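Engineer: The structure follows.
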Amino acid sequence: FIQDFSQAMSQAGSSQFQEVIRQELEYSMKVELDKILATAHSNEIEHTKKDLEGFKKLFHRFLQEKGPSVDWGKIQRPPEDSIQPYEKIKARGLPDNIASVLNKLVVVKLNGGLGTSMGCKGPKSLIGVRNENTFLDLTVQQIEHLNKSYNTDVPLVLMNSFNTDDDTKKILQKYSHSRVKIYTFNQSRYPRINKETLLPIAKDVSYSGENTECWYPPGHGDIYASFYNSGLLDNLIAEGKEYIFVSNIDNLGATVDLYILNHLMNPPNGKRCEFVMEVTNKTRADVKGGTLTQYENKLRLVEIAQVPKAHVDEFKSVSKFKIFNTNNLWIALSAIKRLQEKNAIDMEIIVNPKTLDGGLNVIQLETAVGAAIKSFENSLGINVPRSRFLPVKTTSDLLLVMSNLYSLNAGSLTMSEKREFPTVPLVKLGSSFTKVQDYLRRFESIPDMLELDHLTVSGDVTFGKNVSLKGTVIIIANHGDRIDIPAGAVLENKIVSGNLRILDH
């Protein structure tokens with residue numbers, strides 16, 4: 001008994017001790033943030049204050065929570081009717097007055113990311129993807145086509161970050177005559193935290209020059225607060241808008257789907273969904289994607305970072321968790337307003353460790369937009385075709401969307417009818433192709449890939465004009481060697497290695 005009692009006492013002591021440390025950390029953070037705020041110009045004070053308030057809340061929760069935030073034992077498969085097949089939603093057809101439904105919609109694109117992972121400066125949305133068109137061009141063309149076809153007024157809203165705002169605004173002038181109203185708002189700007197001291201590394205509010213590394217945009221989960229704070233949410237509600245369709249600007253498959261929109265506006269059971277997440281079937285390439293589960297009687301998005309280490313393999317299994325989140329989301333504006341005003345949107349914190357150029361280890365506290373699904377009423381997953389998930393994260397993805405696998409029509413890419421099976425080839429381009437400009441230099445023209453299953457390229461390789469790739473093609477230039485695939489070459493089930501010997505595969 002004495003042993004149990006002393007153990008209980010020491011545990012109580014340690015939790016009290018932890019609480020004291022937590023309070024000290026929060027106090028120190030508050031002191032530092034106040035110092036930063038004191039350096040703001042009068043015209044910056046208001047939004048800097050809002051940003052730092054939001055950050056403080058996130059930091060408070062970060063200190064409260066420890067370890068992966070899901071209890072693995074509580075995870076269940078979602079009930080049958082909570083994830084609907086797209087075919088069933090499409091089978092309902094469309095009403096005659098589709099224009100009046102479309103006029104209730106706002107398209108929101110997440111445009112906070114830079115093109116750095118593909119070796120480009122500036123916003124990722126300004127990278128050329130197809131026939132000189134950028135991600136942003138294609139998005140505007142899609143919505144303009146909708147507005148012209150149905151005589152509607154669907155606006156485009158871009159959520160920028162402090163990294164992308166200036167460049168994006170400059171380019172928006174080129175669309176001033178297009179039939180799309182374009183609005184922007186900025187996501188918050190939060191201070192990066194020194195991993196050792198848990199204090200901000202910024203000393204003042206500026207974020208140019210050497211201070212660029214002190215700040216970060218806190219992930220797309222920030223959309224709810226910053227959309228609300230910008231005043232744009234209220235303006236759109238006042239204009240009679242009811243739903244937003246949110247997606248990543250680099251997902252070229254995320255076009256406005258009229259069947260899903262109709263399902264939202266005219267639900268078969270009369271009860272509207274406040275939140276719809278498009279999910280699609282996992283392939284081996286998607287094992288890390290977040291998945292929808294049932295957790296404490298709510299649909300919940302579980303990301304790999306929240307899974308206890310012992311269960312990561314189970315999480316990645318394609319048989320147990322068959323679907324993943326595409327980050328194409330349909331959300332009711334009135335619900336965002338209600339939850340934001342009650343401070344009731346609950347998203348797990350993602351702790352993102354980074355090492356800065358000078359070697360300093362920092363952490364960024366982030367949230368993901370889809371994680372809020374559990375805070376909304378009557379949420380639904382819709383299992384959509386893979387074609388609605390076509391992200392361009394790397395030059396390997398870029399090769400696919402530039403190729404003859406797709407045709408471009410009014411800003412939308414559709415898989416060529418000449419391809420015999422609906423899946424895309426698996427493409428892995430080596431490090432010589434990582435940067436867009438190097439990648440473009442290595443292809444005189446984009447190869448014919450209609451019959452390709454798998455392509456791996458490694459080392460110093462270039463492709464001449466009108467090359468055709470079929471089946472499985474592996475091209476490996478050893479260190480110091482160079483392989484030039486000649487113009488007009490047809491490679492079918494070939495391994496090309498070292499000194500340009502071509503072997504049958």
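Cβ from N, Cα, C; glycine included.
Curation does not apply to TrEMBL; its annotations are automatic.
Since this is a predicted model, take the numbers as computed values, not measurements.
Copied straight from TrEMBL:
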- Lys124, Gln187, Gly219, Asp250, Lys393: UTP binding site (BINDING)
- His220: substrate binding site (BINDING)
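Any idea what these are sitting next to in the structure?
Structural biologist: Neighbour density for Gln187 (UTP binding site): within 10 A of its CB lie 28 other CB atoms from the protein chains shown.
Listed in sequence order, the residues of the same chain lying 6 or more apart from His220 (substrate binding site) and placing their CB within less than 8 Å of its CB are Leu110, Gly112, Met159, Gln187, Asn248, Asn327, Ala368, Val369.
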Engineer: Just going by other Cβ atoms within 10 Å, which of the binding-site residues Lys124, Lys393 has the emptiest spot?
Structural biologist: Lys393
Engineer: Taking the residues Lys124, Gln187, Gly219, Asp250, Lys393, which the record names as binding UTP, find the longest CA to CA distance and state it in Å to the nearest whole number.
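Structural biologist: Value for the max Cα separation, rounded to a whole number: 21 Å.
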Engineer: For Asp250 (UTP binding site), what residues in its own chain, 6 or more apart in sequence, show a Cβ-Cβ distance under 8 Å?
Structural biologist: Gly113, Lys124, Ser125, Phe135, Pro391, Val392, Lys393
Engineer: What residues, ordered by sequence, lie under 8 A Cβ-to-Cβ from Gly219 (UTP binding site) and sit at least six positions away in the same chain?
Structural biologist: Ile350, Asn352, Glu366, Thr367, Ala368
